[in-house]
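Below is one structure; the comments refer to it alone.
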């Protein structure tokens, strides 16, 4: 999206002066190729990079293409593909959190749906901001380039803050989910022990009241019951450890993806800044040359008129 804005800025500024050289095509190299393989969401990100690269290869038609609805339509398709991959990942996450209690699982599913809705709203906001920013650029043709650069830098800072805030919020939610899963599993084990405890005591009472053969049977039955109880406790503990490991794996994946998003945002900010600053400096130099030419032309005009009168 930032590259799309940069291409739009280059095109509009180039249209202000006829003798300005065209911006050379930005070569992304192998940076996009690494997203073609891997998880589905990585492939969707690769298609997004491919679209940005295509925008950069436009020359004479770039202004007409960007000012039309084509860019918005292409962005809509990318949003739909990304949301589809998000839904798939959400279903996979819910499957990994399946052993939780139904009440907790329903709450987790509801919160994940809310997070998904916020993500869709953010992407729609990006698309709407593109349309709004495109209109603002058309109205800023006569204003200072410093103001334009300041607006771009401000938007990039806000985008990075939003990514960091969303990543931290997701980490906190995962910590809450892990604590809820552990508490629910421990509560289930305690409930099971409370239900089986009276049965063990009842077996001991029967054993003391009956004769020796019956007492031996009751003792054997009590031993089997205790063995089953211990087995159930061990299984419940193993299940709790398994659930805890699954939650830790999910949390590690999310933290890794959040770190990748942060690094990509920082690299994107530095790359856009390195592209835009040379353009602004070149425009300032050309503007100074144009002002100097106009001043020279104004200074020589009275001299020419005096020569013609003589």
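Cβ coordinates come from backbone N, Cα and C, glycine included.
These numbers come from a predicted model, not from an experiment.
For 140, the entry in Swiss-Prot reads methionine sulfoxide.
Annotation source Swiss-Prot lists phosphoserine at 144, citing similarity to another entry.
The region '8 X 22 AA approximate tandem repeats' annotation in Swiss-Prot covers 77-248.
What Swiss-Prot lists as region 'LDL and other lipoprotein receptors binding' is 155-165, and the listing cites similarity to another entry.
Residues annotated as region 'Lipid-binding and lipoprotein association' in Swiss-Prot, with similarity to another entry given as evidence: 203-283.
Taken from Swiss-Prot, the feature region 'Homooligomerization' covers 259-310, and the record attributes it to similarity to another entry. Taking the region 'Homooligomerization' (259-310) as a whole, pLDDT averages 76 in the prediction.
Residue counts of the region 'Specificity for association with VLDL' (271-283) by helix, strand and coil are 13 helix, 0 strand, 0 coil (DSSP-based). The region 'Specificity for association with VLDL' annotation in Swiss-Prot covers 271-283.
The repeat '3' feature in Swiss-Prot is assigned to 121-142.
According to Swiss-Prot, the feature repeat '4' maps to 143-164.
The feature repeat '5' is assigned by Swiss-Prot to 165-186.
As annotated by Swiss-Prot, repeat '6' applies to 187-204.
Marked as signal peptide by Swiss-Prot on the basis of sequence analysis: 1-18.
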